[in-house]
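The following features are taken from Swiss-Prot:
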| type | residues | note |
| --- | --- | --- |
| CARBOHYD | Asn41 | N-linked glycosylation site |
| CARBOHYD | Asn86 | N-linked glycosylation site |
| CARBOHYD | Asn157 | N-linked glycosylation site |
| CARBOHYD | Asn168 | N-linked glycosylation site |
| COILED | 172-196 | coiled coil |
| COMPBIAS | 180-190 | compositional bias 'Acidic residues' |
| CARBOHYD | Asn182 | N-linked glycosylation site |
| COMPBIAS | 191-201 | compositional bias 'Basic and acidic residues' |
Amino acid sequence: MYELMENKQRKFWFYVRKGIFQVLLQLVLAMMTVWDFAGQNNTGTSYNKLYFYTSFLLVLYTGLKQILEYMFSICSEEVVFKKQFNNSRSRDILMSFDMLNSPSGHYIVTTKRIFKLRYSKSNLFIKIDKLCWFLGIDSPVLIPFNIIEKLGNIKDNLTTNNEDIYLNVTLTNLHKYQNDENDTEEDSEDIEKNSDPKENSDIDSLIPKVIETETDLNIKELQSELFRKV
């Protein structure tokens, strides 16, 4: 529940920044332009500074966005994902047939742009990913290299010829990772239920504990972004 609220808050502020750069600044500049054409003589210092800085930010943002989108088209590729359909979250989706009352399972096919694996450990692309997050620009998913090493079984043999294969292995293991962890937690609960209460102090030391490292948290974030139910 806490993770869901945190993801919603993160998305909220992402769209706030996106609205500032893509909507608010352009509206301010448009209103000032209309005000000028209306015949008002606005020669004050504050007005001129506001006009200049608003125009400068818009030009800078537009230029950066065009450069980044061109870079994304070269350095990333589209990957198709099949997401499970969740009735409680998807009632606002318009369907051509009745999926809500059907007993069989349904899936939604989506596409995501993912940076090629060769850029995962590049400091430049890590900074680009953070810059896009700050500016509210939708960027391809950058899979951290430590996750690729853990889930893709990569050592030092990543090349342009085999990165597609490693991406497939990484995404497959990324999808299965949470299930394996949940199985471990369920096994722990079964051990606790079947154990004698008098011997809990001895058995607790034998129950496998799931320790969430920073890598595990990053894996959960990627799972939420790529495989979360629609």
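A Cβ is built for glycine as well, from the same backbone N, Cα and C atoms used for every other residue.
Rounded to a whole number, the C-alpha distance linking Asn157 (N-linked glycosylation site) with Asn168 (N-linked glycosylation site) is 16 angstrom. DSSP assigns Asn157 (N-linked glycosylation site) to coil, not to a helix or a strand.
DSSP gives Asn168 (N-linked glycosylation site) a helix state.
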